[in-house]
């Protein structure tokens with residue numbers, strides 16, 4: 001029967017028809033028969049790199065150090081490479097440009113406040129002179145005279161701030177920072193001179209009682225004066241800036257270098273504080289004048305209230321100026337600023353590595369907020385190679401942590417005291 005032969009021929013036909021289907025499914029695996037030797041070698045080399053074969057790995061150095069791994073650009077950007085000591089010192093210590101920029105910003109704020117205050121004083125002083133003349137009120141005229149004194153003091157302070165920004169000269173090597181202190185002293189002395197004049201006039205009115213006052217004009221002028229002096233008080237108040245900022249944030253809150261109240265007056269401007277005391281005295285006097293005007297307006301027979309307010313004003317101004325006088329005296333006598341503790345600073349310097357002792361530490365203020373230090377330290381023997389590092393750490397501690405304006409660090413190796421060879425010393429000891 002031709003059945004088996006026909007079946008074989010049918011199967012062969014089916015294979016030929018299905019061959020392309022099987023070829024498509026297996027073509028991805030049958031590449032070895034068509035790839036040349038050169039292409040195969042290239043593929044094998046690629047496979048070696050991807051598989052990180054040991055034959056292509058870099059050789060280990062003879063000294064046993066680990067080979068440096070080749071990293072791509074992204075991994076290098078993500079890495080935090082260790083900095084050298086010189087790089088750390090450059091990163092930690094502020095440069096002169098940064099210090100000058102901060103100082104210019106601080107002076108610009110002070111000048112802005114004082115300029116606005118001077119304009120307000122000038123405008124209201126003219127208004128008080130007119131109102132006092134119309135009301136025949138000695139209290140208002142005296143208040144206008146007080147504002148004239150305050151205006152002259154602020155102008156003097158602005159002049160001092162302008163001169164203090166000038167570069168040092170051969171004669172004044174520290175610059176003109178102390179002019180701000182001088183202007184603060186002069187303004188306080190002007191307040192005391194005015195206080196004496198007010199007390200004298202008040203006593204004359206108390207004794208003679210031969211004056212008449214227009215209560216209506218006095219009341220209106222005094223009310224405007226209170227409003228203006230309240231604005232001046234908010235403008236010149238520095239109570240929100242008494243805390244040490246970036247210079248002392250690393251110190252603990254109970255650090256001995258801080259004032260007991262937690263505030264530091266070292267960052268204030270003495271000129272603005274003096275102007276604030278003037279504004280406070282003006283406010284007290286304006287309130288007193290307002291009370292006196294109210295009494296005189298409705299009870300003219302009690303016009304003695306005018307000199308009584310002058311007495312109270314004099315006592316309050318004397319009390320408020322005592323702190324400025326004390327701070328000014330400390331600066332002139334080159335005392336340590338009240339917000340710094342010499343013993344605590346010495347302890348902090350002694351904690352620096354390789355420091356044997358702190359021989360001398362002198363701290364004073366050029367002006368308010370500009371503390372200066374000179375320190376002489378001895379290092380342990382054999383640490384001469386670390387002098388630059390120790391000096392950098394000491395300067396960083398004084399400038400950044402304790403907020404010094406300038407500092408000088410002197411280093412030397414520790415040496416035991418040698419036997420005295422001076423003839424005078426030996427003769428005196430015998």
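Cβ atoms are placed via backbone N, Cα and C, with glycine included.
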Open item on the list: Tell me whether residue 212 and residue 297 fall on the same side of the membrane, as recorded in Swiss-Prot.
Closed with: yes
- [ ] Please find, within the list 312-332, 333-353, 354-374, 375-395, the residue stretch that Swiss-Prot describes as transmembrane segment.
- [x] 312-332
Task: Annotated stretch (region 'Disordered', per Swiss-Prot) among the listed ranges 245-265, 266-286, 287-307 - done: 245-265
TODO: State the residue range annotated as transmembrane segment by Swiss-Prot; the candidates are 144-164, 396-416.
DONE: 144-164
- [ ] Write down the single range among 91-111, 217-237 that appears in Swiss-Prot as transmembrane segment.
- [x] 217-237
Task: Chain-internal residues, separated by at least six, CB under 8 A from residue 146 (Zn(2+) binding site) - done: 194, 198, 281, 282, 285
Open item on the list: Using Cβ atoms and a strict cutoff of less than 8 Å, what residues sit near the transmembrane segment (144-164) while being 6 or more residues removed from its termini?
Closed with: 107, 110-111, 114-115, 117-118, 121-122, 124-125, 128-129, 132, 175-177, 179-180, 182-184, 186-187, 190-191, 194, 197-198, 271, 274-275, 278-279, 281-282, 285, 367
Task: Shell list (Zn(2+); ref centroid = CB of 146, 150, 278, 282; cutoff 8 A) - done: 121, 147, 149, 191, 279, 281, 285
Open item on the list: Could you tell me the mean pLDDT the prediction assigns to the topological domain 'Cytoplasmic' (238-275)?
Closed with: 45
